[in-house]
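Structure incoming, see below.
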Amino acid sequence: MSLPLLECKYVTEEFVREGKNGNYGTKLPSSVPMLRFLYELSWILVRGELPIQSCKAVLEGVEFLDKPSREELASCFADVVTQIAQDLTMSGDQRSRLIKLAKWLVESQTVPQRLFQERCEEEFLWEADMVKIKAQDLKGKEVRLNTRLLYQQTKFNLLREESEGYAKLATLLCRGSASSSHNASAATMGIIKSLIGHFDLDPNRVFDIVLDCFELEQDYDTFLNLIPIFPKSHASQILGFKFQYYQRLEVNSPVPVGLYKLTALLVKEEFINLESIYAHLLPKDEEVFEDYNVSSAKRFEEANKIGKINLAATGKDLMEDEKQGDVTVDLFAALDMESEAVTERLPELENNQTLGLLNGFLSVDDWYHANILFERLAPLNPVAHDQICSGLFRLIEKSITHSYRIARQTRFQSSSSASTVKLTPTANTTANRTYLDLPKEVFQMLVTVGPYLYRNTQLLQKICRVLRAYYLSALDLVRDGSNQEGSAYEVSRGHLKEVRLRVEEALGTCLLPSLQLVPANPAVGHEIWEVMSLLPYEARYRLYGEWEKDDEQNPLLLAARQVAKLDTRRILKRLAKENLKQLGRMVAKLAHANPMTVLRTIVNQIEAYRDMIAPVVDAFKYLTQLEYDILEYVVIERLAQSGRDKLKDDGINLSDWLQSLASFWGHLCKKYPSMELRGLFQYLVNQLKRGQGIELVLLQELVQQMANVQYTENLTEDQLDAMAGSETLRYHATSFGMMRNNKALIKSSNRLRDSLLPNDEPKLAIPLLLLIAQHRSLVVVNADAPYIKMVTEQFDRCHGILLQYVDFLSSAVSPTTAYARLVPSLDELVHTYHLEAEVAFLVFRPVMRLFKCRRNGDVSWPLDSGESMDADSEISESESSMILDVGTSEKAVTWSDVLDTVRTMLPSKAWNSLSPDLYATFWGLTLYDLHVPRNRYESEISKQHTALKTLEEVADNSSSAITKRKKEKERIQESLDRLTGELKKHEEHVASVRRRLSREKDTWLSSCPDTLKINMEFLQRCIFPRCTFSMADSVYCAMFVNMLHSLGTPFFNTVNHIDVLICKTLQPMICCCTEYEVGRLGRFLFETLKIAYHWKSKESVYEHECGNMPGFAVYYRYPNSQRVTFGQFVKVHWKWSGRITRLLIQCLESNEYMEIRNALIMLTKISGVFPVTRKTGINLEKRATKIKNDEREDLKVLATGVGAALSARKPHWVTDEEFSMGFLELKAPPVHTPKHASSQNGLLVGVSQGEPTGERATVNQQPESGGLGKDQMLKTKPLDGRTESIPSKSDQGHLKSKGGNPLDSQPSISKKSMEQKETDETPRISDENPVKPASKYSEAELKASSKRGASVNKSAKQDFGKDDGKSGKAIGRTSTADKDLNYLESRQSGLTKALSSTAANGSIATGSSKVKDDGAEALDAQKQSSRTVHSPRHEIVTSVRSSDRLQKRANAVEDSERISKRRKGDAEHKEHDSEPRSSDRDRSVEARLDLNKTVTDDQSTHRDQDRSKDKGYERQDRDHRERVDRSDKPRGDDVEKARDKSLERHGRERSVEKGLDKGTTRSYDRNKDERNKDDRSKLRHSEASLEKSHPDDHFHSQGLPPPPPLPPNIIPHSMAAKEDLERRAGGARHSQRLSPRHEEREKRRSEENLSVSVDDAKRRRDDDIRDRKRDDRETITVKGEEREREREREREREKSLPLKEDFEASKRRKLKREQQVPSAEPGEYSPMPHHSSLSTSMGPSSYEGRERKSSSMIQHGGYLEEPSIRLLGKEASSKMARRDPDPIAKSKSKNSNFLDIALESMTVNGKTTRGEQSGSGEIGSRE
């Protein structure tokens, strides 16, 4: 019968209809009862009205009334399904749906399968596949199981057992231990067996009773003998039943301790197995571990909260928490937290039977099984329980009792023996020694107990002492084994290694963590350090690192660390000088307990706050040695910590944290001797090996603080002067407030030395030194910096540390012999360790002073031995006789060995200009050897006397004050005596060194084959490396050069040395130096200039110190040749001033940061002596003021300092006239040129005569041997732009018209024109050279040439006016030729003088070429244009003077018109100039490359040039006749005829010009390839000069329009028509002289010109102005034709070469015959062979490729800018009489060749101007 249909109240038809539509999530209107809804839903699903899968959606959408849980829902669903499954009337489809529903409920995890298995019938479970057994079988199995569990009874057989038997058994077992012997045990065993048999007792019951009795009396050994009679398998079961009894819920009593102990004893006796009994214990391990992890996480969370700031706290609460007066430290806070945690875990020990069994094992001393349980229960941390920890402590102490007794006896014996006389150990004492050994179980126990050993500090100290004795015993065993066989020694070493590992393990896992929990017990820390100190620092640091990691794994240690960190921060907030004592002790208490955390926190605070260093260092006086060691580890750890930048964002300065850390470490190590430094030094060594040297700042601070050895770049003048003094003087100057007898300083210095040079450790002093030196060499290459500014900063920092470290080593390692034994040899330093020469000598220099003579062992190098030896054998014998005395038995090192090493340090070609003796002497000496700072000695002695006087005036007469004063007086008197004695000793030392150097000087450079390169090599190899090494070395270099000069060292030219320094090498050195190096270089330049200005101050000073010195010889190879005169020296000073000004301005106007900064630093360093002139100072001050507005702050600061320095020097600035001292005529006076000088000396005279005047900007006239060529070498075009374009732009509004000069009034002067004129200014000043004519010329000749010189000099003045780009003021300068001539004229009555017309022409060209090369110095001289400086020696004849004035006025108009015309032509025909200029430029380049061509090759060119010379002479004759004829005609006719004649010559001579010019150029082009090949090395010096030859295309000398003809009475007679034409066409290159046969006519013309009045000159000037304007317009039409002729001339040049050679050869021979007599004039300098092609390529470095055999007597002209210095006969002969005349005699044979070349170079194509300038360049460059 089926059940009626169910009435659904909740799962209604509407609900079903919505479900069929797929809307299963329809919410019911209200909550429904769960059971009713599930029942209705199940029936709906069974009937199939809804699909089974919709059940989940329906359940999710329904809301039940009672909100049941998931388990309750599953249970109700299972009940519903079970109820429906019992319906027998259900159809098959419905039942299948029901089964399907049940499966779905299980699969969807809605109902667990276990619930269906419990409640459903077997058949339903089988159908639903919920059981694997059939329904019938499952029913049978169920019946059997129920029967066995419910109806089977336990049999106890109580009827057969009698209580009497058990009573007798209990009596037998409880008799006590009186009969506990072996026989008694056997008898007891027999009785028990009898009782079991007689009373039929259950053996298991008997065994149980035996165990119970054993539990009560565990000391009764009889029970142990009774147990074996029972089966072992039963024992574990019986004990298991006992433990299970206490696991019952109804039993509330804990397990008896006796039961744990009984079980542990049975397990220990191996009667039962631990695993068999462990299975009966509860709770299970997994459950316990899970509970412990929850509680441990809670404790970790609480520990991490310690010290965190509560952001929700109000300000008032925070103030209450941080009251100033409430600074307290709770040392037990962490322990209180631990006690609370242990109290919470106390029930765990009662309920956990495993922990009870572990405690039982410890109670029976069974460590083996206890260790097994410890390892198994490690996640539970069982040691935290006091009972287990106490049992472990007892077991540890029992294990070490015997060892502790031995250790105590050994310690007592060692302490007692130390107080008595030390006995020699014997074999018996060694044999009786007891070696301590500890079992490995002790170390296992220590690892297990971990940090909880803090609970028993007494045991902790015992363990420390035992471990120390244990380790020392192993060390003794190794020492004893070292005297035995190899196998025994290896065994002892293996044992030591094992002992060390065990001790380290005990320290890391137990002792150090325990210290962290001991509240402020320094004794414990001391005991631990006694063990730690036996280990090397590497092992200690590893333990400290592991210690920190262990803290994070234990909540107890973490809490202690957090509390210590919080307390430390609170103390540091209040730490100050006032409360230092109180808070310092509190810091120490915290550090005693938690040193790692406290010290790390303090270091972190110091990195952030530098002002905390001093109070913290003072507070650390209470720390123990262990804490000091941990502090060093913390510092190294902070250094090595990754992720922190050690440089600031600018990449230059060190980070604040690193600077603070280094300063802190230096102060700490200085104050506390307990600090160990070996670890830090090893870290620095390792970092240097990796190429990282930033951390060297720590070494710098250590040396500075501990040894008071400081390195500073900004020494005062007094300090720098004292650096040359004795040790006492240096100490007083650089002690920085430290007392000499400061005991603390001495101790700290010795500690630092001992740390670097320990007795038993690797000595790191020398490895650290070598690594620093190598890092210095590589820092520039390997520096990871984007800007060179950062690289230089790193280099300077490393270099400073190197100097400081070497200074410390040399002073700390005493005596010097110990230092010599310590450092490697010079050969090893250079070749093995690859140190640079300057660094190697820095290290080896103290060792060089140990070289002593074999014969006189008391005298060491560099003192004079006092022995007299002949000059030939002196040096060689001294080399072999000096040996190195280091006090060892090693092979003696001789001085010759050092020289052999020195020879390998430089390339072989360097020794052609240097000698090893000079090189070794230079690098071996110091400032102390050369200079006695007497003023500093006297000043310091005066200070000491003042201090004594001050002490005597003290009125305090107390006993303590008197005692203190007495000690102070003794100290001062000691310093006085020492200073006085050292002053005398120093003077004797310098005198002795000077005697030795005086003996050796003659051999230093005499054997050098290439004397031309001496100064360059000396600068490159010696001066520059050392003068940039340190500030004292920069002074030393200047002193050494002065010493070379004062000693009269042969072949060392002092003037050329300064010239090469300033003109060739100074600018590149400024650009490539670092910040500190350029400061040192500036100091060297300051000292050099100071000496030079001292020589310039007075002529008497100059004559006394320089006048007769080889250093001022004109010829390199002949030291006894003529000397540079005082006038020439003043002129070269002008050149040097201009060069320095120009290069400084170029750098200041550069876009490169380094150049600007270095120039400012250089200017700051030399501001004491430079600038000298007011103009130069103003120019430099303007540049500095401009830089003050720069956005870069460091440049602003430097510029401000420079401005202040210049302002301070303003009162000392002088005018140009005062600077020139009358030797530089800044306004052109009459020029007197001797004809003979012109004809013989050729180029040489032309240069000197031409330099003060200037007509056109001849671009190629740049020849400075010493410096001008170098000036132009260095990036000429950028130099022009930077140097002069800016000033001319800024001051272009200041152009003014002055003196009625029509040139100055023209506003159309272009910028390029000014640049061109500035470029051409240098030779006008620096090339001035006094020319002394021969006595054979007449007065008439002098007068004739003076007229021409006057006109030319007037041109120079106006040319200067045009060149001035700033103020537009005309500048006039006068050649010193006429000054020296007139000076000598006053001394030598009757001496005839004359100046050639060639010289006058040369002056026109060279004067204007000086502007640009003088740079800013030209600007300095502009305001002096209207003033003429006259030498006091100038006495000019009245008639000559009046004539000169007339000609100067005429020349001014002439030059003005010519320049104006040229400027117009360039402006109109600019587009047509490129081709002619390029062709001429090519010829100029080819001419410059023709430097080293031999005389034979040159003569082929001379033959071509002779033709043009004769042509020029013929034209000169013709012009002269025409001018004489015109002189008597009216002025108007003269002007017209002169103009017509000039135009006629211009048209007529162009045809001749083409053939001659091309033929001459052909000779130059022929060997161009060979010359290029030879001069390739020189082009690097001359290429810039080539570029500079065309700084501006508008004023290119080859492309200028031809000037109009001059009036007849103004045109210089030396300028032929063709020369004038070619110069205007752009081909003017060389100077041309008059032929000797025209001398008489020239004399007459000169006399006639003297009679011209001033009115005539004015009239002619006005006429000339009008004529030139007209000529200017007419010339424009001719200019185009001239350019076409220039192109044709280039094409026809090669064709005309053969004809020119024949013609030139004949003319050259004729000229040679005419010039033979004056060429050998005594007392004059022989000119050098040169030709026109040597215009400028012989400038900077021409001497490098010049062989001695290819030049006779080479004049040093670079520093004079005028290669030939000619003396008048009387003076020259008098000087030559005092010197060796052989050099002059040797040159006579070659004078004819010199003359040929000079004449040819002057007359090639009639290009007079270029030839004279070429002479200047060539002669100067050959030096």
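Here, residue 1 is simply the first one shown, and the rest follow in order.
Heads up, the Cβ atoms here are built off N, Cα and C, so glycines get one too.
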Quickly, which of SER1474, SER1478, SER1577, SER1646 does Swiss-Prot have down as phosphoserine? Just give the residue.
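The residue tagged phosphoserine by Swiss-Prot is SER1646.
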Which one of SER1288, SER1500, SER1696 gets the tag phosphoserine in Swiss-Prot?
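Of SER1288, SER1500, SER1696, Swiss-Prot lists SER1696 as: phosphoserine.
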In Swiss-Prot, which of the ranges 964-969, 1744-1749 has the motif 'Nuclear localization signal' annotation?
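That would be 964-969, the stretch labelled motif 'Nuclear localization signal' in Swiss-Prot.
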Taking a Cβ cut-off under 8 Å, which residues six or more beyond the ends of the motif 'Nuclear localization signal' (964-969) line up next to it in the same chain?
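Here the qualifying positions are 948, 951, 954.
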Taking DSSP states H, G and I as helix and E and B as strand, how many residues of the motif 'Nuclear localization signal' (964-969) are helix, strand and coil?
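So the motif 'Nuclear localization signal' (964-969) is made up of 6 helix, 0 strand, 0 coil.
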I'm checking region-level scores; what's the whole-number mean pLDDT for the motif 'Nuclear localization signal' (964-969)?
88
